[in-house]
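Features as listed in TrEMBL:
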type     : residues  : note
TRANSMEM : B:6-36    : transmembrane segment
DOMAIN   : B:25-179  : domain 'Sodium/calcium exchanger membrane region'
TRANSMEM : B:90-108  : transmembrane segment
TRANSMEM : B:129-147 : transmembrane segment
TRANSMEM : B:159-179 : transmembrane segment
TRANSMEM : B:200-217 : transmembrane segment
DOMAIN   : B:203-343 : domain 'Sodium/calcium exchanger membrane region'
TRANSMEM : B:237-261 : transmembrane segment
TRANSMEM : B:273-294 : transmembrane segment
TRANSMEM : B:300-320 : transmembrane segment
TRANSMEM : B:327-345 : transmembrane segment
Amino acid sequence: MKFLKYLLIFIPISIVAEFMKINPILIFIFSSLSIIPLAGFMGEATEEISIYSGPRIGGFLNATFGNATELIISFFALKQGLFDVVKASIAGSVIGNILLVLGASMFFGGIKYKIQKFNKSIVEVSSSMLLFAVIGLSIPAIFTHTVNKDLLTGRYEWLSVWISLAMFIIYLLGLYFSFYTHKDLYGSEHAEETEAKWGVSKSIIILVLATLAIALESEYLVSSVEPMTESLGLSEIFVGIIIIPIIGNAAEHSTAVLMALKNKMDVAVEIAVGSSLQIILFVAPLLVFISLLFKPMSIVFSEFELVALIVSVLIVNRVASDGESNWLEGIQLIAVYIIIAISFFI
Amino acid sequence: MKFLKYLLIFIPISIVAEFMKINPILIFIFSSLSIIPLAGFMGEATEEISIYSGPRIGGFLNATFGNATELIISFFALKQGLFDVVKASIAGSVIGNILLVLGASMFFGGIKYKIQKFNKSIVEVSSSMLLFAVIGLSIPAIFTHTVNKDLLTGRYEWLSVWISLAMFIIYLLGLYFSFYTHKDLYGSEHAEETEAKWGVSKSIIILVLATLAIALESEYLVSSVEPMTESLGLSEIFVGIIIIPIIGNAAEHSTAVLMALKNKMDVAVEIAVGSSLQIILFVAPLLVFISLLFKPMSIVFSEFELVALIVSVLIVNRVASDGESNWLEGIQLIAVYIIIAISFFI
Amino acid sequence: MKFLKYLLIFIPISIVAEFMKINPILIFIFSSLSIIPLAGFMGEATEEISIYSGPRIGGFLNATFGNATELIISFFALKQGLFDVVKASIAGSVIGNILLVLGASMFFGGIKYKIQKFNKSIVEVSSSMLLFAVIGLSIPAIFTHTVNKDLLTGRYEWLSVWISLAMFIIYLLGLYFSFYTHKDLYGSEHAEETEAKWGVSKSIIILVLATLAIALESEYLVSSVEPMTESLGLSEIFVGIIIIPIIGNAAEHSTAVLMALKNKMDVAVEIAVGSSLQIILFVAPLLVFISLLFKPMSIVFSEFELVALIVSVLIVNRVASDGESNWLEGIQLIAVYIIIAISFFI
């Protein structure tokens with residue numbers, strides 16, 4: 001994690017680059033590299049604040065700000081009307097968390113420890129919630145893909161708003177479940193990991209500064225997507241589904257792998273699955289609501305994205321039902337991710 | 001359950017209404033309301049007869065008459081050639097049993113008891129049977145949806161008859177399994193629930209009268225579907241998949257929720273899953289056979305219905321593999337049901 | 001198993017028949033009947049050699065030659081450009097192993113023993129590997145079926161080669177997993193089954209002779225497929241997906257059922273699942289590589305085949321999560337197989 005902070009040098013570099021209107025590919029790379037350490041700082045600051053605020057508010061803060069980076073990037077993409085990029089990055093975050101992060105955790109952890117066990121009951125709650133969330137997301141998509149499109153104009157958006165509302169309510173109920181009615185199911189495994197480093201007031205300042213810097217860099221990043229994809233011949237979907245999620249989640253990814261190497265697979269699995277849940281049930285609905293301010297975005301995913309989502313969720317449910325992991329499982333998850341990435345690339 | 005009997009007043013009301021040829025929407029509502037208590041009486045009478053006839057014949061009676069209401073309604077819909085309504089109501093009964101009934105049971109039960117456990121091994125037999133049944137049903141549908149329709153005329157119906165026959169044989173073998181070769185797997189949980197109330201001869205009279213009254217009301221109901229959907233602008237599929245199953249299963253629904261409130265989740269789950277199994281393996285094939293007398297109905301479902309069926313079965317398999325339930329799981333099931341209903345509505 | 005050797009008489013019969021250019025249907029039947037005992041001899045010889053070579057090389061030999069018959073038949077089909085037959089026979093072998101072989105084992109074993117238990121942890125490794133393999137195979141297929149075909153010409157084949165490479169690497173890693181890093185998971189259940197019969201040098205001679213004879217008969221078989229399907233009005237897909245896999249796997253099928261009758265369900269399940277894994281991860285990629293010598297074959301399956309594959313894998317995962325089997329489960333598997341066969345036939 002430590003060496004990531006040197007990437008902060010790309011903040012001034014990207015600002016200068018944007019000012020000089022140089023090649024959009026370079027702007028995309030510079031702003032991406034600067035977002036990675038900023039997302040890390042934001043995560044650490046949130047966790048530190050949550051130590052002082054007590055477990056309940058702290059859990060809520062973590063659950064809300066955990067995917068703030070994706071939210072900010074998506075916000076600017078939304079403002080520019082890049083709906084396909086926004087939806088691809090939602091799907092890509094879920095796929096990346098489950099296949100790449102979980103796969104890498106299981107692989108590296110599995111090389112060090114022969115078999116890694118984790119608490120089935122917590123993972124089962126999350127993974128079954130993920131199953132419901134993806135099913136909820138798939139149903140309207142399957143309906144709209146098979147029905148004549150002309151019949152649906154106008155109704156489309158309302159369906160999206162209603163489903164987003166349902167997702168959001170389920171999200172709030174899920175928080176209520178894990179922080180009130182069934183909080184004893186969950187240990188205090190997250191809390192142990194962090195020690196106070198900055199103190200509360202400094203943490204808040206870091207949080208605010210990191211958020212502002214991410215917002216700036218996200219604007220650069222998003223505005224360079226279109227010219228970059230054009231000049232490289234890449235599809236915007238590929239950028240959305242593979243590249244943006246890797247940037248937004250880099251800090252979390254490294255944490256999950258570190259936890260796996262410490263044989264704390266519970267935490268690694270929770271990061272991957274919990275973060276996916278947050279994206280589907282909190283970030284996606286929020287983006288639909290925000291889009292109403294500009295131009296309504298539907299929550300209907302493309303068939304590609306749906307298949308990838310369903311596959312990821314089936315896998316995580318398979319994994320959860322088992323309660324054990326080994327390096328071979330890890331490599332299989334990574335292989336599926338690579339196959340998906342190659343397919344989208346082509 | 002008690003207040004349901006006051007709904008019997010809608011029998012004379014619906015007869016008068018039909019006679020006066022009033023608005024079909026009112027006829028639909030009146031006949032629906034009168035079927036709900038009649039289905040309840042038929043269920044109670046069947047259960048009481050089964051006390052006297054011993055567990056083996058009793059179990060068979062329950063398994064056969066359990067969905068008699070759906071069978072009668074579907075019979076009249078079949079006679080009128082409303083194939084889409086019939087198939088939608090088959091799919092809708094399965095979805096309703098699994099998502100709505102099971103969801104409501106888990107939700108209300110889960111509010112009262114923190115975690116409810118149920119016997120995994122029985123539910124696993126039923127849920128894996130359900131998986132096979134839905135797979136059996138999906139395969140020909142997927143084949144026929146992807147193959148050029150012109151090539152299939154004529155062969156369609158034969159495929160349906162063969163598959164129905166296979167389903168029916170599996171149903172009989174399933175009864176043989178649970179009442180002969182592996183009957184020790186199943187406790188006597190159903191038997192305990194009923195106490196004698198009417199005596200055997202009165203029960204038979206009630207059964208016959210309820211069946212006749214349901215037949216009459218079903219004819220009213222079905223004949224009002226077409227004019228009603230036209231005047232309201234609803235699709236017949238929506239009526240078939242959402243409204244008719246709720247009417248036909250209302251009595252069972254309340255029983256399942258009552259059992260969950262008594263912390264007898266085994267019984268609640270068995271009602272929901274067992275009833276779904278009966279509909280796919282017994283009611284659906286029987287309707288295909290009966291349709292040969294009028295005009296052959298294929299067993300091929302629409303893509304919408306299939307997706308909804310597969311989703312329901314995946315969920316029940318997920319639930320069964322766990323052996324536990326809580327209120328959050330219940331609310332998720334209900335949410336998926338509502339999303340499906342909204343999608344069909346639109 | 002013993003009576004199978006009398007089928008060797010069909011080797012000379014098929015040679016004479018080919019020479020006299022008689023009806024292709026008879027040539028198809030004669031060469032099929034002669035391959036069945038030859039495949040059996042090849043399997044026995046391989047197993048006997050593996051006793052002398054020690055468990056590690058022995059396991060590798062078994063894993064590599066286990067599906068040699070399918071590989072040889074497919075090689076000649078590939079040379080003739082019958083890509084649809086090759087792909088159908090790959091899918092058909094997997095389906096046949098899981099639904100028919102496993103189903104028959106569970107059914108016959110379940111009639112003799114009420115409930116048969118098997119070691120969950122081994123089956124879980126194989127079945128989760130199978131899940132990943134089929135997902136890996138499905139993703140590019142689903143992508144190519146939904147994307148405009150014109151955009152893909154040329155890229156198609158490269159995608160197939162990359163995916164085949166990924167499959168093949170996973171296969172090798174799987175062998176490394178089961179023979180090195182996690183070999184203690186696996187008992188020595190296979191080793192016990194065989195006793196030395198021929199001695200090592202005689203075994204090698206039998207292996208070479210059987211391979212040569214299978215090669216000859218496969219050439220007859222494959223060259224009779226086209227004229228036969230034309231004169232009978234059968235589709236080549238049906239021959240590939242149902243008939244060829246039954247011929248190629250007959251010897252293994254009978255072994256699996258025999259093991260189930262001895263209450264060794266572990267071995268029966270391992271034969272069915274392990275053989276399926278080998279076909280997807282070893283035989284299929286190898287055939288794609290070989291096809292580059294003639295005319296590149298894509299690894300993209302038809303929608304029919306994919307659905308059948310996915311269904312089979314879902315079922316085996318369901319079965320594995322349970323760790324028990326009974327006759328009803330067996331009959332359900334067989335019923336799904338029959339429904340698939342009827343659908344392909346029509």
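Just so it is clear, glycine is given a Cβ too, placed from its N, Cα and C backbone atoms.
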Interface-richest range of B:6-36, B:129-147, B:200-217, B:237-261, B:273-294 toward the transmembrane segment (B:159-179), CB pairs under 8 Å: B:273-294
Tally of residues which DSSP labels helix, strand or coil - the domain 'Sodium/calcium exchanger membrane region' (B:203-343): 118 helix, 2 strand, 21 coil
Beyond the flanks of the transmembrane segment (B:237-261) by 6 or more, those residues with Cβ under 8 Å of it: 1, 4, 32, 35-37, 39-40, 43, 66-67, 69-70, 73, 77, 82, 84-89, 91-93, 95-97, 100-102, 104-106, 108-109, 112, 116, 193, 221, 225, 228-229, 267-268, 271-272, 275, 302, 304-305, 308, 341, 344-345
Annotated stretches the transmembrane segment (B:6-36) and the transmembrane segment (B:300-320) touching (3 or more Cβ pairs under 8 Å): no
Recorded stretch that, among B:90-108, B:200-217, B:300-320, has the most CB pairs under 8 Å to the transmembrane segment (B:327-345): B:90-108
Spatial neighbours of the transmembrane segment (B:90-108) far in sequence, C-beta under 8 Å, 6+ residues away: 67, 70, 74, 116, 134, 240-242, 244-246, 248-249, 252-253, 256-257, 259-261, 265, 268-269, 271-273, 275-276, 279-280, 283-284, 287, 301, 305-306, 308-309, 312-313, 315-316, 319, 325-327, 329-334, 336-337, 340
